[in-house]
Amino acid sequence: EVYFKNLSKQKQKEVMEKNGSNHKLRVCVATCNRADYSKLAPIMFGIKAEPQFFELDVVVLGSHLIDDYGNTYRMIEQDDFDIHTRLHTIVRGEDEAAMVESVGLALVKLPDVLNRLKPDIMIVHGDRFDALALATSAALMNIRILHIEGGEVSGTIDDSIRHAITKLAHYHVCCTRSAEQHLIAMCEDHDRILLAGCPSYDKLLSAKNKDYMSIIRVWLGEDVKTRDYIVALQHPVTTDIKHSIKMFELTLDALISFNKRTLVLFPNVDAGDKEMVRVMRKKGIEHHPNFRAVKHVPFDQFIQLVAHAGCMIGNSSCGVREVGAFGTPVINLGTRQTGRETGENVLHVRDADTQDKILHALQLQFGKQYPCSKIYGDGNAVPRILKFLKSIDLKEPLQKKFCFPPVKDNISQDIDHILETQSALAVDLGGTNLRVAIVSMKGEIVKKYTQLNPKTYEDRLELILKMCVEAASEAVNVNCRILGVGISTGGRVNPREGIVLHSTKLIQEWSSVDLRTPISDALHLPVWVDNDGNCAALAERKFGHGKGVENFVTLITGTGIGGGIVHQHELIHGSSYCAAELGHIVVSLDGPECLCGSQGCIEAYASGIALQREAKKLHDEDLLLVEGMSVKKEEAVSAAHLIQAAKLGNAKADSILRTAGTALGLGVVNILHTMNPSLVILSGVLASHYVNAVKDVINRQALTSVKTVDVVVSNLADPALLGAASLVLDYTTRRIY
């Protein structure tokens, strides 16, 4: 870490010396509409805050300057940026030809502006036709281009424009790992790609406006409550204008029928936008009591509106990108965002060809709350981008280099700001200790924190949040990007809702506890929760003996006896989340009493608590200690003393251990006859003491067809933390539509 920090400082120093010690990088930021300004503004604020390194010129064009779209250049002025040039580049029209003519008009006007400004680098965002004109002008005038959000995949003509700008751009800032891989596959120079995240997330994840109710009332009315309104934002699809207008009409009909207060934003400047506005007016949306139709909402306020909405509907990229940061339900209509990575909050309705389909989607999604997703950013994009800009050497050749196939799967980068490891925050709630760790994708525990587990619910939750926040902050320093939080806890857990239903007696005040919501809200991260036995099985599946095995069982032998069952590569939870309570398989009708209240359970024979109980009995009868052993007065007798006594020749201690091993073996035989796994993994501190006894019982008691099962001892040092991490690394919210 220190090496890479020093390397970065040395490189910046060398760049400054090459560029001239007093030379400031002259950056031109060109913004075309309200959407791209929300992504560019955080970068502009960052550039403005470092005048010793940068000079900022702002060029405004496109729909910013059109009254029908809210004259949104005013919000740039309100943010205290000096607008160097205003270019009227939109040709009014309602078909594809108007878009082409607008590009042509921009190409005519831009050369004069760029000749006067003479920027060192131009920052261009996204996939709009205006941005294509900007990139074309800059490339032909030998001006370096930094493209934001390249490499992504969506629907319509936007894909073609985005990839065309990628080929013109010299440097690339992308938001997701998939986008980075797409850029590499498109033969872009690996050293000129920065995986930074979306700049708008820097603002989203720091949004702490407590007075959001006043914003909701301004835009939706005095009587509206949080989670009880809808935000609708739908644009024309330029490759199928007629169908997209019909879909918009069906959407409005469904919203009218759904009868909830709705904020409808006007569409982008695209072919077909005027017809969509006519549909709104034809249906009386602007005068309907349930609707508020607006041309523009300032981004700061828009954040609060979508964060507290009951649902967002439409086909805007904002729905599949930014809204996931709040866990707000989204209904994505049509094909405009096909291919985008989305969180689990997004419900896709590709063929939105009937009002009933859209209405049904509203009924499914409205009012739900999903885990917060940070697929598109972690709130630290701008510092990475500024660092990237400072590393640009203006004396390097301007001509682009392309890296043609073959491209290696794992490309090692030389720039330290790219060397971030995808990781998880793992939390292990034990009977004694509370542990939090940063775990990498390869199963390496990068950093671990341990505290005593508090006795009360309030203190415990407060400590979990404190330790997670501390670990998440430290992750930046150790070049780890946290994808989510995984929690391993004792007891019965509903993993779908993230709720601990019933706890073990070892953890007090820990029943009917919602862990997902408070932790997700505090960290803006998705959260998964499962019980410790299931987590141990997941750890084996990802990092241990169970990797690649279709059917296996993990048994934890520790303070209690637990486990997890993997069948056809999937973890089994059961109808009431009570599957794999392997410690409570009954192996004797009149055996010792178990903590669960039953008799003869495996746990009553073979757990650490059971062995400690038997050790105390022997000690009280002066039958435990043999030559070479001693127990101090203040020292509690434990299972370890029983094991030590057996090793030193204590026949009674050895008999107790053999009985415990036999009980565990009988339980394993029952599992073999029920699930027929190909592998049994013994995990925990007692596993090595039981493995031979279990194998012996299988050979004596099991059916011939299951005797070939492999029984092994886990080689994982910390299955609880690794299992909690695998909840995140395996069940991450990313998915491709």
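Using N, Cα and C of the backbone, Cβ positions are placed for all residues, glycine too.
Residues annotated as active site in TrEMBL: D532. For D532 (active site), the Cβ neighbour count at a 10 Å cut-off comes to 26, with all displayed protein chains included.
TrEMBL lists R492, T504, D532, E581, H584, E603 with the feature N-acyl-D-mannosamine binding site. All protein chains included, H584 (N-acyl-D-mannosamine binding site) registers 20 other Cβ atoms within 10 Å of its own Cβ.
Sequence-distant neighbours of C596 (Zn(2+) binding site) (same chain, six or more apart, CB under 8 Å from its CB) are H584, E603, listed in sequence order. Residues or ranges marked as Zn(2+) binding site by TrEMBL: H584, C594, C596, C601.
What TrEMBL records for 53-390 is domain 'UDP-N-acetylglucosamine 2-epimerase'.
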Inset, instruction - Return the residue, from the listed binding-site residues E581, E603, with the maximum count of other C-beta atoms within 10 angstroms of its C-beta. - result: E603
Inset, instruction - Using all protein chains shown, find which of the binding-site residues C594, C601 scores highest when you count other CB atoms within 10 A of its CB. - result: C601
Inset, instruction - Summarise the model's confidence over the domain 'UDP-N-acetylglucosamine 2-epimerase' (53-390) as a mean pLDDT value. - result: 91
Inset, instruction - Determine which residues of this chain, when R492, T504, D532, E581, H584, E603 are set aside, have a Cβ within 8 Å of the centroid of the N-acyl-D-mannosamine site's Cβ atoms, and list them as they appear in the sequence. - result: G490, G491, N531, G533, G560, I561, G562, G583, C596
Inset, instruction - Determine the Cβ neighbour count for R492 (N-acyl-D-mannosamine binding site): the number of other Cβ atoms within 10 Å of its Cβ. - result: 19
Inset, instruction - Would you list the other residues of this chain near Zn(2+) - those whose C-beta lies within 8 angstroms of the C-beta centroid of H584, C594, C596, C601 - in sequence order? - result: G583, V586, L595, G597, S598, I602, E603, A604
Inset, instruction - Could you round the CA separation between C594 (Zn(2+) binding site) and D532 (active site) to a whole angstrom and send it over? - result: 19
